[in-house]
Every structure is written in C-alpha cells, then in structure tokens.
Amino acid sequence: MKEDLGFQGKQYNYMSTAYLVVYAVCQMPGTSLLTIYRPKYVFVAANVTWSVLTLITYKMTHVWQVILLNAIEGGFSAIAYVGAHFILGSWYKRSELGIRAAVFCVFGHIGTMAGGWIQAGLLATLAGKGGLPAWKWIFIIVSVMTVPVALFGWVFIPDLPVHRAAWFLNDEQKEHAVARLGALRKQSWDVTVFRRVLLSWQFWLLPFIFMLYSLCVQMLSNNVMAYWMASRGYTVIQQNNYPTGIYATAIVGTIVYAVISDKLQSRWEVSIAIGLTFVIGSSILVSSPSTNAGYFVAFYLLGTTYAPQAVWYSWMADVTGHDFQLRAITTGFMNSFDFAFVTWWPLIFYPATAAPNFHKGYVASLVTGALTLPLVGLIAYLEKRDRARGVIGRIEDESISGEEEYLRDDSRKPVGSPAKVRATEINV
C-alpha cells in the first residue's frame, strides 16, 4: 500500500489521526441519534455506508483520497461500540447488565486476537491474485464481510423495549420488557438537557475514570510486550503469539468482575480490585524484574484490567438510567473523552524510539492506575447519596415507561395519584 499509493513521512500517522478524531467527535451525536430514531435503522445505515466506503478505498490512487475516506469511515464507525452499550443499558437491570456487557466486550477481544491472524493469512495467500495487491483484497473482503453483519443487525437488533419491535418476543414478553425497568424521571430533548447533562457528576466523573483506565493499559498495546520480548531474544513467532495471552486474561477478568458486580448489584467493590491490580501490575514493571517471569506475570495480570470496558459502562448505565438523554450523551462521551487522550499519550510515554525501555510509561501507568482508586470511592459515595435522595434510579409503579412517553411525543403529565418514587437496590 505504501509503494502503490506513495505514502511518505507521517502520512500513515495522519491517516490514523484523521480516523480517530472523526471517530471521537461523532460518538455523542451517534448515541443521541439512538434516542430519536430506531437503533436498527441507525446501526444498519452506518454499517452499510461503512462497507461501501471500505470497498471504494481499494480503487483510490492518491494518499489524500485514502485519508479522507478513512476519516469519513471513522464517523460511521463511531456508533458501533458506544451504541451497543446504550442498547444493552436500555434492556437490562443492574443485576443483569454487567455480564451482558462483558459478553459483548469478550467477543471484541476474540475479534482482536483473530483479526491479526486472518489478516496475516490474507496477505500471504492473496498477493497478486486477479492482478491486485494483497492490501486491496483486504479492503474488498472486509467490505463484503460487512454485508451479512448488516443483514444480521436488521433481523436481530431489538431496538429499544418501547418500540416493541423484537420479532422473537411475544406480546406479553414485549410488554414485560417495557414495564420491568420502570419509568424514567427525565426524557426530553429541550433546553434543560444542557443543564441536566453538564451539571451532572455522572457526565464528568465516569468518562474521567474511564480515561484513566485507558491510559493505564496503554502498556498492553503499542507492542510494548513484543518490544520487551525482542530484547530478551524471543523468536518472532513468540513475539506474535505470547502477547495474545493478554487478551485471554482480559476475557477471564472481564467475565469474573462482571459476574461479581451483577451478583452484588454494585460496581464499586470490583472497581477497587481493578484499581489495586493497576497498581500491583504497574509496580512490578516499574521495579524492572530481574527475571522474565516477573514481566510475564505483570503483563498477564494487567490484562485482567480490561474489565472496565464492561464494568464501568454498566456502572455508567446504573447511575444515568433515570435520564434518557443523560445516559445517551454520557455513553458517547466516555469513549470520546478517552480518545482525546489516548491518541497522543503513547507518543510521549511509549515512543518506539524508547523500546524496549518504557520505564516512563510504566510510571505513568502506575500513577493513572492509582488515581482510579479515590475516584471509585467518590463515585460510589455520590451514587449512594443520590439513591438515598431518590434522584437517580427509575420510577416504580408506573404504567408507562419514560421512553415510551417521550417516543410517542406525548407531553401530557401522568394523572391520578402521585407515583411512588424510590430507588431500591434490587428493582431499579
């Protein structure tokens, strides 16, 4: 690709940066769209458009064309990850959400593990086939593979419970899905949205702690482990294979922490455990172990700290479930705020020129990991306080959910005796 299109200097970096910037910017608008239009339409439209853009890429002849298309693709990719978390948060209670989010994240880890192997195989077997270089075949195949994914989404994405659109549920189950979570306290797109969102602690603290997590685990990406292995004389095959063990421990950690948090119907306890693991794993790396085993223990132990992708998105849904728009916007902002830092963080703390000695990066991970601990305590305190005050959590004993009232564009107030408002640890 470099030779065919004439990539020079930092143009690869520009392409990656263009994608990430647009990807980050479009996440909040993307999740907001899910509160206005049926998610099935939004997801499938974004998926098909992304597929077409990917296919067009193989015909490009200039670097600027590829960079432009890549940036646009970033916008249509933005809805996938955060949108899935928003849908999950619309269907499940606190006692159910963590493990569902974990399954979603686990398949992401599996995809990451398999994607590299598949791409390597395609590059080796398709080079020159049909007169096309291997990189063009990858764009073609990825584009074609996206079509059945879009069809699957069209058939199986259930939209929100209030749409009652899931064909695989009977009428009684659809009504139960609408009623089981209770009614929203806030559900309007009006001038109050800015106040409700910007003055909420959820909008600021959850994205901030998620950003710290992302910075802490940067030593698990950026080829840090592979660089270290190369310096210790491991073979190229070992350098490619051993780091995949990080994703194996990530899968275990994600599932275990999610299951425990669901059982407890509380996220702060496992979050403390995750924060302590940040500190322990990073401390091992900072100490420069004298044996290779010490490094392997640190890397694989830190792999378990990928769990916040499930646990903290579930926590965010727990504490924003009372406000339809707050949850949608915060869901998008968590990833956007994260990307605002991870796009430049590795350039400072994990530059390739520093390999294999990333001591500065290990120290940075220790600091950011340690900072998550007081934040976990603060978020747990604010959640407990607001549940006691009855300002977060769904409204019980309502015959119609907040989403339904909003999506019907019905401004009428509920009539009759006041609803009993309380936030319990079990039924919200």
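Placement of Cβ uses the backbone N, Cα and C atoms for every residue, glycine included.
Confidence annotation: the domain 'Major facilitator superfamily (MFS) profile' (1-387) carries a mean pLDDT of 90 in the model. Look at TrEMBL and you will find 1-387 tagged as domain 'Major facilitator superfamily (MFS) profile'.
Annotated transmembrane segment per TrEMBL: 12-34 (among others), in sequence order. If one looks beyond the transmembrane segment (12-34) by at least 6 residues along the same chain, the residues whose Cβ comes under 8 Å of a Cβ in the stretch are 2, 42, 46, 63, 66-68, 70-79, 82-83, 86-87, 160, 325, 328-329, 331-333, 335-336, 339-340, 343.
Feature annotation from TrEMBL assigns transmembrane segment to 64-89 (among others).
Proximity of distant same-chain residues to the transmembrane segment (101-122), defined by a Cβ-Cβ separation under 8 Å and at least 6 residues beyond the stretch ends, is recorded for 81, 84-85, 88, 134, 137-138, 141, 240, 244, 247, 250-251, 254-255, 257-259, 306-307, 309-311, 313-314. The feature transmembrane segment is assigned by TrEMBL to 101-122 (among others).
Tertiary neighbourhood of the transmembrane segment (134-157): same-chain residues 1, 4, 39-40, 43-44, 47-48, 50-52, 54-55, 57-58, 87, 119, 122-124, 126-128, 168, selected by CB-CB distance under 8 Å and a gap of 6+ residues from either end. According to TrEMBL, the feature transmembrane segment maps to 134-157 (among others).
Among the features that TrEMBL reports, transmembrane segment is placed at 203-221 (among others).
Per TrEMBL, transmembrane segment is recorded for 241-260 (among others).
Among the features that TrEMBL reports, transmembrane segment is placed at 272-289 (among others). Note on the transmembrane segment (272-289): residues 213, 216, 219, 257, 295, 297-299, 301-302, 304-305, 307-308, 311, 359, 362-363, 365-366, 368-370, 372-373, 376 of its chain, located 6 or more positions outside it, place their CB under 8 angstroms from a CB of the stretch.
Listed as Cβ neighbours of the transmembrane segment (295-316) (distance under 8 Å, sequence separation of 6 or more from its ends, same chain) are residues 85, 89, 94, 97-98, 101-102, 104-105, 108-109, 202, 206, 209-210, 213, 216-217, 219-220, 225, 228, 242-243, 245-250, 252-254, 256-258, 261, 267, 270-271, 274, 277-278, 280-282, 284-285, 289, 327, 330-331, 334, 369, 379. Taken from TrEMBL, the feature transmembrane segment applies to 295-316 (among others).
Nonlocal intrachain contacts for the transmembrane segment (328-350), taken as residues 6+ away from its ends with a CB within less than 8 angstroms of a stretch CB, comprise 17, 20-21, 23-25, 27-32, 34-35, 78, 81-82, 85-86, 89, 193, 197, 200, 202-203, 206-208, 210-211, 214-215, 218-219, 221-222, 224, 312-313, 316-317, 320, 358, 360-361, 364. Annotation source TrEMBL lists transmembrane segment at 328-350 (among others).
Among the features that TrEMBL reports, transmembrane segment is placed at 362-382 (among others).
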Six or more residues out from either end of the transmembrane segment (203-221), which same-chain residues have a Cβ under 8 Å from its Cβ atoms?
197, 246, 274, 278, 282, 285, 299, 302-303, 305-306, 308, 312-313, 315-316, 319, 326, 329-330, 333-338, 340-342, 345-346, 349-350, 358, 361-362, 364-365, 368-369, 371-372, 375-376, 378-379, 382
Beyond the flanks of the transmembrane segment (241-260) by at least 6 residues, Cβ under 8 Å:
98-99, 101-103, 105-106, 109-110, 112-113, 220, 225-226, 229, 234, 269-270, 273-274, 296, 299-307, 309-311, 314
